[in-house]
Amino acid sequence: MKKQRNLRSMAAQAVEQVVEQGQSLSNILPPLQQKVSDKDKALLQELCFGVLRTLSQLDWLINKLMARPMTGKQRTVHYLIMVGLYQLLYTRIPPHAALAETVEGAIAIKRPQLKGLINGVLRQFQRQQEELLAKFNASDARYLHPSWLLKRLQKAYPEQWQSIVEANNQRPPMWLRVNRTHHSRDSWLALLDEAGMKGFPHADYPDAVRLETPAPVHALPGFEDGWVTVQDASAQGCMTWLAPQNGEHILDLCAAPGGKTTHILEVAPEAQVVAVDIDEQRLSRVYDNLKRLGMKATVKQGDGRYPSQWCGEQQFDRILLDAPCSATGVIRRHPDIKWLRRDRDIPELAQLQSEILDAIWPHLKSGGTLVYATCSVLPEENSLQIKAFLQRTADAELCETGTPEQPGKQNLPGAEEGDGFFYAKLIKK
């Protein structure tokens, strides 16, 4: 039996690590969840994701409720108060329980002398809630995005930025990919129905299913046997443009955690696939996914800027480059991105993408296909990136995705309930 822990203090410390230390919630949360009971795992996740999703609102409220900010060793208390405010605003937890558990969190973070302060701030919010929220809703903080990102979205999408922001602030649906080597989508949907769950097929992507209600993966029919994989619908769109064929040599570059590698092998089981990623730790997830689905691929650690180091002079029939990016298209799924990214990251990422494109292009066979993909919505990483590449690369031709003036296909967050995603299909003349 697992020791009873204070979930509010755990959530506060996790959020602090994201915001103050730049750590990814994807790395922080799983080890914390191992320390709590199964019934508490979901609440811990809800508190962490929820606070990060609404961080700018909670920060704004604390600045109004407190005379001066908590600093130094007391900074964790700032995030503990955020957790308390989030519960009062967005959860069905009874207010008295939310207050009591949050105040007790002060003991867990070794600040028992501040219990009175935490209690006082939260009770003050309860008294002034209506007035404070009216003022908040008249401020730019209501968009729940950092100002630098808001400015970029407003510039890139003058007519659509508000709908993008709204989609980013929603909870994401759970999308699945049915393994067509085991089941047709319709036959797996019938199994899902028998298991008491409901799913909906995507109109454009032939393997994609959206669950009516998110569910644990172990509850999904055949998950352990590789019948189905969790993957957003927009990410599945890569296969529409890549169109892998049996017998081809295909490179999946920047492949971790392996969702697209295994999708290639589902579509073309006899393809020779090489999966490469710079992050050796994340490659372990590629191996895990291949094993669960009973598939084989050549997996290598390598830097996309220096392909000769890991593939020599080898050329490929098709290349999928899922380029490192700002991930601004998947904020609803990873709200910590809003606070991990900085404005200065964008030109640096664009430069890295450009270097990888230039380095990998010679490894594409004449007549071959390269699909450039990102989970970003920023033009500097997407249409402008491809436009510049086409201008400097004489034997590259845009195919099926956009025009030379506006290259690529941009999915915006929430469109057809998918994530924000960009694709450009290039052919080597």
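Our numbering is plain: 1 for the first residue shown, then up by one each step along the chain.
Placed from the backbone N, Cα and C atoms, the Cβ positions cover glycine too.
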Practice problem: For the S-adenosyl-L-methionine site that Swiss-Prot lists with Cys254, Ala255, Ala256, Pro257, Gly258, Gly259, Lys260, Asp303, Asp322, give the additional residue from the candidates Asp277, Asp288, Asp336. | Solution: Asp277
Quiz item: Counting every protein chain present, what is the number of Cβ atoms, excluding its own, within 10 Å of the Cβ of Lys260 (S-adenosyl-L-methionine binding site)?
Solution: 24
Quiz prompt | C-beta crowding around Cys254 (S-adenosyl-L-methionine binding site), within 10 angstroms | solution = 22
Practice problem: Count the Cβ atoms, other than its own, that fall within 10 Å of the Cβ of Cys375 (active site, nucleophile), considering every protein chain shown. | Solution: 26
Quiz item: Just how many other Cβ atoms lie inside 10 Å of the Cβ on Asp303 (S-adenosyl-L-methionine binding site)?
Solution: 14
